[in-house]
Amino acid sequence: MKKASELIFIPIPGIGHIVSTVEIAKLLLCRDDNLFITILIMKFPFTADGSDVYIKSLAVDPSLKTQRIRFVNLPQEHFQGTGATGFFTFIDSHKSHVKDAVTRLMETKSETTRIAGFVIDMFCTGMIDLANEFGLPSYVFYTSGAADLGLMFHLQALRDEENKDCTEFKDSDAELVVSSFVNPLPAARVLPSVVFEKEGGNFFLNFAKRYRETKGILVNTFLELEPHAIQSLSSDGKILPVYPVGPILNVKSEGNQVSSEKSKQKSDILEWLDDQPPSSVVFLCFGSMGCFGEDQVKEIAHALEQGGIRFLWSLRQPSKEKIGFPSDYTDYKAVLPEGFLDRTTDLGKVIGWAPQLAILAHPAVGGFVSHCGWNSTLESIWYGVPIATWPFYAEQQVNAFELVKELKLAVEIDMGYRKDSGVIVSRENIEKGIKEVMEQESELRKRVKEMSQMSRKALEEDGSSYSSLGRFLDQIQTS
């Protein structure tokens, strides 16, 4: 009798990465009745981000093969340090807990089940050491795009093979020729900020170095979206197998992630959208960490009022703690221009938390001012909503560059904006970007609608991502 296989997934904490992990687990379980999955859950020690509510909701999710998936909560660790280095160290501090959890799993597994390997988040490469200790293969789940993955490999090779100090790119006018991009990359403008830090940059590039030790990389993208980047990775003899398996999205059960209070907020928002004409509303939302200072908030408000376009604006206040998530305002008037809410009462709606998927799916929404996180990008493409790019941190500037210059699926508000730069984006630039993204008969809108159809076909039987996922399943059976 053929043995069942079990995969151990290790995502980083944060709702975006956990949701993506569960969604790819669902796809795998639906494709192989002889597969079991365990997901090890790390938690941030500060403000909750909805992960607990989401995981509890999975018990009643009809699309989940609950008898073949389980969640193991790891003991909570303290977050010491700040910035990227503090975050990476926090992830690595869970190694002993992961080792204990896997040891218990191996002691209790039945003789008819074999552990087929670790599937680690893109920032969990320290867990490769544990996989090696247990004699198990490891795979990477890369939750960003293929072009960004190619950039990581490129920068790592510059450091390790050409002895290049990547921090020198910070104030340079260098343009990088990277095989996963068609156009040269303006380094100072779009490289992830962490690359410009000596310690954090080395941490970051070591991830790519360690990817090369694994058996393959699952990438949350699809062939039709990034054909050049995927081809460049596939033809590079130094890079292990890459499996484009996206878009990995939680499009069917977003409502399960929210409390009853947020469910009421969601209903109010959707009722307001129901009263708006088709494709007439621009949606502004900047992700789970997205927030601005008062000066920038006022520039956005002036742009919206002057532009006269219907808007739905997710406006959140910065955390009062050094490390933490943005929260909802108790009074928007404290930060908005005087009289703004009264003057725009028939034009738009200001909200706090936003049910992003439900909003993007609504026919009234015609454009999305976005931080260009990869999940948000894929969601916008899935629903055929053009993007105006306003990145904050991490790989978001790279994503914005790819969307605007490479894929022609977005317009620019400020592609090189960085959250901690102190730069204020002008109301004129904001208004211009919003008007461009909201053009009804534009070539951009046509391209995004076409890509939306391709994103859905990729996951259908015999679609590009469906086939790629099948190749991965074949790989774990033979490893």
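Positions of Cβ are set from backbone N, Cα and C atoms, glycine also.
According to Swiss-Prot, the feature active site, proton acceptor maps to His17. In the three-state DSSP reading, His17 (active site, proton acceptor) counts as helix.
DSSP assigns Ala394 (anthocyanidin binding site) to coil in the three-state reduction, placing it in neither a helix nor a strand. Within 10 Å of the C-beta atom of Ala394 (anthocyanidin binding site) sit 22 other C-beta atoms, taking all shown protein chains into account. Taken from Swiss-Prot, the feature anthocyanidin binding site applies to His17, Ala394.
In the three-state DSSP assignment, the secondary structure recorded for Asp121 (active site, charge relay) is strand. Neighbour list (Asp121 (active site, charge relay), Cβ cut-off 8 Å, at least 6 residues apart, same chain): Ile10, Pro11, Ile12, His17, Thr21, Val140, Phe141, Thr143. For Asp121, the entry in Swiss-Prot reads active site, charge relay, with the evidence type similarity to another entry.
What Swiss-Prot records for Thr143, Ala354, Gln356, His371, Trp374, Asn375, Ser376, Glu379, Glu395, Gln396 is UDP-alpha-D-glucose binding site. Under 8 Å, Cβ to Cβ, and six or more positions away along its own chain, Ser376 (UDP-alpha-D-glucose binding site) finds Cys285, Gly287, Gln356, Phe368, Ser370.
Positions annotated as region 'Disordered' by Swiss-Prot: 454-479.
Taking the Cβ of Thr143 (UDP-alpha-D-glucose binding site) as centre and 10 Å as the limit, one finds 28 other Cβ atoms among all the protein chains shown. Within its own chain, Glu395 (UDP-alpha-D-glucose binding site) has Ser144, Asp148, Pro192, Trp374 as residues 6 or more apart in sequence whose C-beta sits under 8 angstroms from its own. DSSP assigns Thr143 (UDP-alpha-D-glucose binding site) to coil in the three-state reduction, placing it in neither a helix nor a strand.
Taken residue by residue, the region 'Disordered' (454-479) breaks down under DSSP into 21 helix, 0 strand, 5 coil. A count of other CB atoms within 10 A of each Cβ picks out Trp374 as the most crowded of the recorded positions His17, Gln356, Trp374. According to its DSSP assignment, Gln356 (UDP-alpha-D-glucose binding site) is helical.
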